[in-house]
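As given in Swiss-Prot:
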BINDING   C9, C12, C27, C31  Zn(2+) binding site
REGION    44-82  region 'Disordered'
COMPBIAS  72-82  compositional bias 'Basic and acidic residues'
Amino acid sequence: MEPPVKINCPTCGRRFLSDETPAMPFCSKRCQLIDLGRWMNEEIGLPHEGDPGDAPVEYLDDRDLTQPSPERQNESFHRYSE
């Protein structure tokens with residue numbers, strides 16, 4: 001087991017030994033829950049720049065599923081029996 005190290009809590013900044021808390025890397029369960037709340041409220045997050053190839057998602061309604069797409073209208077589908 002590694003010896004404890006002094007670290008700063010990312011929520012409150014308090015300096016503590018790493019073996020003092022089960023809520024690592026936070027100094028307490030309270031600080032851990034404060035951080036979780038910030039993530040859930042989208043106050044903090046990971047930076048992300050969209051890929052230039054990312055396109056908006058188009059959703060189909062049920063009517064779109066009953067007809068083949070224009071690209072596939074000429075394809076024939078076969079069922080194979082076992």
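Our numbering is plain: 1 for the first residue shown, then up by one each step along the chain.
Cβ coordinates are placed from backbone N, Cα and C, and glycine is handled just like the others.
Locations of recorded Swiss-Prot features on the structure.
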residue : record              : Cβ neighbours (10 Å)
C9      : Zn(2+) binding site : 20
C12     : Zn(2+) binding site : 14
C27     : Zn(2+) binding site : 22
C31     : Zn(2+) binding site : 19
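Take the mean position of the Cβ atoms of C9, C12, C27, C31, the recorded Zn(2+) site; other residues of that chain with a Cβ within 8 Å of it are P10, T11, G13, R14, F16, F26, S28, R30. DSSP assigns C31 (Zn(2+) binding site) to a helical segment in the three-state reduction.
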